[in-house]
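Asker: Let me give you the structure first, and then I'll get to my questions.
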Amino acid sequence: MSTATESLTIRRPDDWHLHFRDGDTMRAVVPHTARQFARAIVMPNLAPPVTTSALADDYRERILAAVPEGLDFTPLMTAYLTDETDADDLAAGFADGVLTAAKLYPAGATTNSAHGVTDVANISGVLERMAQVGMPLCIHGEVTHADIDIFDREAVFIDRVLAPLVERLPELKVIFEHITTKQAVQFVDASGPRIGATITPQHLHINRNAILVGGIRPHMFCLPVAKREEHRLALRKAATSGSAKYFLGTDSAPHHRHAKESDCGCAGIFNAPFALESYATVFDQENALDNFEGFASLNGPAFYGLPVNEARITLEKAPVEVPSEVEGGDAAIVPFHTGETLKWRLAS
Ligand code: DOR
Ligand code: ZN
């Protein structure tokens, strides 16, 4: 890595958690990610969800067809776990290289999670098989019980589900995704090397006030929902610390403007257009640009056991204005940081 005065050259990064959707929306959003990242772990929560190796293989082809010519981008596919997941299909997809990981959505946790797992006990055989073959498990870590406050759902998930799971299957590689709390940071820090975590740009930039102060801001709403300031500070410390357990995962989740600005607005923040710019701004603010390459380009591949990218990118300290909306297929999508000027930009 070289840090000249106002620029930063690093290995090309990857996005270890991302939503592309399908159809016209997918075709509109894929170029934003392919511009910045060499690979991305693609979430399977389509409607209907990507539950098998065959469905993942088809989806992969559709994504590849949407990558603009001249850009080198590889989608890394995941299978959506259900109570009925077939462990043989999963293991075969992993062995063939069709699947990179499997995704656990607790049923009802978020967008298109209705088919998710109703009780982790129902997939214990599948998880044992994954541990055996070394297939990583991506987890949306929130309990979904109506009696648990939405701001406590991640912390309660750690106590009730994640800690017992990790204790029972210490061989299983687990990615605790889009963490939002100091409890999650404490858990990951205290765990062994098979537990990693992704952190989104929004959870580094905003706390829950951004959603509710001065009016309700649907474009700041995602799940897990942003928490209090003390949690944001713990996440910034973890991300910029240099610890190999934390890596970049945007959770960019496109929803059209009208689906967000609604009586019942969808959860999800579309940060793909300026994701690297957003993260680099945080690392600069924390005087931690030296640790940016680890977070963005090295820790993820090391955790997944994949090679690092050979290409390099350069970020420059120069202003970039975020537009009010971007093209999203059927309708426009409002990007994260809309109306702001970010201080870093990706050199072409
Ligand atoms: O805010 C979110 N949006 N969180 C998720 O877990 C899913 C995502 C989506 O698919 O829209
Ligand atoms: Zn997600």
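Keep in mind that glycine also has a Cβ here, set from the backbone N, Cα and C atoms.
TrEMBL does not curate its annotations; it predicts them automatically.
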Asker: For the Zn(2+) 2 site, TrEMBL lists K103, H140; sort out which one of H178, H203 goes with them.
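Answerer: Checking H178, H203 against TrEMBL: the Zn(2+) 2 site match is H178.
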Asker: Please pick, from D251, D263, D284, the residue that TrEMBL records in the Zn(2+) 1 site together with H17, H19, K103.
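Answerer: The one candidate that TrEMBL places in that Zn(2+) 1 site: D251.
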Asker: In TrEMBL, the residues H19, F20, R21, N45, H140, L223, A267 are said to bind substrate. Which of H205, H255, H337 is said to bind at that same site?
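Answerer: Among H205, H255, H337, only H255 appears alongside H19, F20, R21, N45, H140, L223, A267 as substrate-binding in TrEMBL.
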Asker: Measuring Cβ to any atom of ligand 1 with a strict under-6 Å cutoff, which of the binding-site residues H17, H19, F20, N45, K103, A267 qualify?
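Answerer: By the Cβ criterion, which requires under 6 Å to ligand 1, the hits are H19, N45, A267.
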Asker: Around H140 (substrate binding site), which of the listed recorded positions (H19, K103, H178, D251) come within 10 Å, judging by Cα atoms?
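Answerer: Those near H140 (substrate binding site) - Cα within 10 Å - are K103, H178, in sequence order.
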Asker: I need the CA-to-CA distance for H255 (substrate binding site) versus H19 (Zn(2+) 1 binding site), whole Å please.
Answerer: 10
Asker: Residues other than K103, H140, H178 within 8 Å, Cβ to Cβ centroid, of the Zn(2+) 2 site?
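Answerer: What remains near the Cβ centre is H17, M43, L104, Y105, T110, C138, I139, G141, E177, D251.
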